[in-house]
Amino acid sequence: MKTIALIGNPNCGKTTLFNRLTGLNQTVGNWPGVTVERKSGSLRLMDETLEVIDLPGLYSLSEGGGADEAVARGYLHTFDGLIVNLLDARQLERQLFLTLQLLELGHPILVALGMTDLARAEGMQIDTAALGRALGVPVVELVATSEAGVASLKTALLAPWPGKPATLHYEEPVASALQTLREVLPTATDDQRMAALEGLAMDGAMASQVASVRQRLASQYGDDADIAIADARYTAIGQLMQHVRRSAERSRTSRRLDTVVLHRLWGLPIFLMVMYGLFAWATHVGGAFVDAVDGVADALLVQAPVRALAALGLPDWLGFGLGNGLGEGIKTVATFVPTIGMLYLALGVLEDCGYMARAAFVVDRLMRALGLPGRAFVPMIIGFGCNVPAIMATRTLEGRHARVMAGMMLPFVSCGARLPVYALFATVFFPGDAGGVVMSLYLAGIAVALATGLLLRHSVLRGDATPAVLELPDWHWPSLHSVFKQAWSRLKGFVQGAGSLIVPMVLILAFLGAVDMQGRLRPDAPDDSLLANGARLLTPAFAPIGIQRDNWPAVVGLVTGVLAKEAVAGTLASSYARLAGKAAADETPPALAGQIRDALATIPAKFAELGARLLDPLGLKVAESDVSDQLGAAEGADTALKQRFGSVTAAYAYLLFVLLYTPCVAALAALRREFGWRWMLASAGWTFGMAYTVAASYHHFARAAVPVPWLAISATLSGLVVFGLLQRERNPRQVESC
Amino acid sequence: MSKSYSLLDLNSGERATVSGLALAASPLRRRLLAIGFLPGTHVEVLRRAPLGDPIEVAVRGTTFALRREEAAALHVIRFAS
């Protein structure tokens, strides 16, 4: 199959063009060995199918250090298709730099000139034909956001493809230095020779000869060799730009919008409002569909197979495995789809219109204290809704160090699924002070996340080769077409990538929770299951955090929490109710049709609540009313809970543990997908260790202390973090003074 | 001839010409060169971020955010006002 590789600067409209060309025939994966997103798709042209590879957005091929650049370079050197270089016509001068490097590669290349309509509107006049003649390659004008524009590219792709481009001529002294290197390095390509002249790492026998050529170039030019080369390239670009008449200034609307959005006073409040809007959109609007998806999936994937197989007289374990194992696993994946889908849509709009880069500009100073780029704020905010999409959103960060660090911090950001546990305990142990308790937990989570970030920054993830230079593109209306397609292909990537781990883990845990010590399948007696017995066995290990031997249901709750954090509160309520001797009213599940109808009815109900939810950002009131429903159904649970925990201190220590410990399988699957097994296991171990340490020290020190002792711990933790931040802040000053 | 300034010394809205890069070979240096911060290039500081850092700089028709250390490494000659 013939292949075309799409390459261009960041923000040049490449993603939109890729989406236009390939439609929904896309696959999103990773390049081998790195977490750089590898997107490929197929394009039908008459009776031929082409493969389209979307390379990472780059300013140059010789940046060095970044994974994106290594991927593009490595790929292009072995590539034998057509390179399609997309340029934003409005920034032609700067973007031709990459074009020249691509020409040095010597591969057939086609230049696609995008945004020409906008460039004309800004007063630019481009003689495309003359530009093409000067470059020695075909140049096609296109408006990436319209179908008509893409048609001209398709026509060009149908014509016979161009051959190898002519060799470029640079001005002296670069030209003669390059000529000398052609003799010294006869097998290399011009782009490798130029990279060697720029001083990029060289090995082999010729290294010293290359170094002397480079020195001669530097002395002839009168400045460093890499400046000589950049100068020669920009001089060549200057000649190319004779075919362009321009009065290109940033469009006036864009400038005016920036004076508001990036304002010294309004900048931060606007940022916070947008982030809150994003958070509310994903968790409340997206979340409004979760119960419906959950109910429908439960009816069709869990209940239906169990009943059908029972009716056919097949063995129980088969129905259980198919429904409660496999079906439940798929259901778990499905319940993440509405939130993640909505989030990807909103993120796509913010990226596409140009706000995301500006948000990064506004908060860069805050995030850099941790060594993170400004845009790392986005996943952190999303994490309060659900850690899974937040981990997926670390993809938008540049540089692997930043991605990994954000990924390791995120599990400590208290997601919405942990809230019901807090609400349950608050109702029983801290009546009247629920808000304070919950707030302290959120703060403790943030403090531990920051501490983790600082620790990583000063140990394994020290330094990062990726420069922080960030482009602020012009504002423009997002292309909804492109936003939808991108969200769709990313969502597909999540379902396939994370689903392959979530489903088997849910299946295994389901059996452990339903098989008793004699190996019989007894889903109706969860207290005798392997899981519960295992938890009982483990209970003594939790004595330091205040879980007494007879309080084993607390440990069962923790084990189920690894499956899904939202399961903890329900498990606790029903097992404490059984301890109290009063089983929760055993309700027969309604008929399938009724269940589906009820599930769908939750959507309008949730939307009706939307107004109230927006005013209750933590969702505490909703969680509290849910909990009192559960407690009402599971009579006596509250008394049992109080008795078994024994003290307020033990209860709070348990909450700290729930806040901090091992993320749920879905989050683990997302971590594995983004960062690999090693980091997933590191996160699982680190979160558990932190949870145990923090909860145990709290329990140890707080027993003797004053009431509301949780204030002490969050104060200590925040103090530590502030100290850490101050330490970080001293560093740049030192650099400045020398 | 006169005192050497860095991009960091410029006020918002001020224009200048790049005179040199005080940076050893590094990915940052290569990126700055690639996006066109060459000796002789005209630049304009548009504004500072709400927290004072980074700063927004226009070069060759595009605007970039540069952090303090990055801006400090770009030496400039101020336009006579």
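Keep in mind that glycine also has a Cβ here, set from the backbone N, Cα and C atoms.
Since this is a predicted model, take the numbers as computed values, not measurements.
Taken from TrEMBL, the feature domain 'FeoB-type G' applies to A:1-163. Per-residue pLDDT, averaged along the domain 'FeoB-type G' (A:1-163), amounts to 82 for this model.
Feature annotation from TrEMBL assigns transmembrane segment to A:261-282 (among others).
Marked as transmembrane segment by TrEMBL: A:376-397 (among others).
Summarising the annotation, TrEMBL assigns transmembrane segment to A:409-430 (among others). Under 8 Å from some Cβ of the transmembrane segment (A:409-430) lie the Cβ atoms of residues 283, 287, 379-380, 383-387, 390-391, 394, 436-438, 441-442, 445-446, 448-450, 452-453, 557, 564-566, 568-570, 572-573, 618-620, 623-624, 626-628, 630-631, 638, 641-642, 645, 648, 651-652, 654-655, 658-660, 662-664, 667, 683, 687, 690, all in the same chain and six or more residues away from its ends.
Taken from TrEMBL, the feature transmembrane segment covers A:436-456 (among others).
Annotation source TrEMBL lists transmembrane segment at A:494-515 (among others).
Long-range contacts of the transmembrane segment (A:651-671) within its own chain (CB-CB distance under 8 A, at least 6 residues past either end) are made by residues 332-333, 336, 387-388, 391-392, 407, 410-412, 414, 417-418, 421-422, 425, 428-429, 437, 441, 444-445, 448, 494, 497-502, 505-506, 509, 545-547, 554, 558, 561-565, 568, 645, 679-680, 683-684, 687-688, 690-692, 694-696, 698-699, 702, 709-710, 713. Annotated transmembrane segment per TrEMBL: A:651-671 (among others), in sequence order.
The transmembrane segment feature in TrEMBL is assigned to A:707-726 (among others).
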Outside the transmembrane segment (A:494-515), six or more residues from its ends: residues with CB under 8 Å to it:
320-321, 324-326, 328-330, 332-333, 336-337, 340, 388, 392, 521-523, 526, 529-532, 534, 560, 562-563, 665-666, 668-670, 672-673
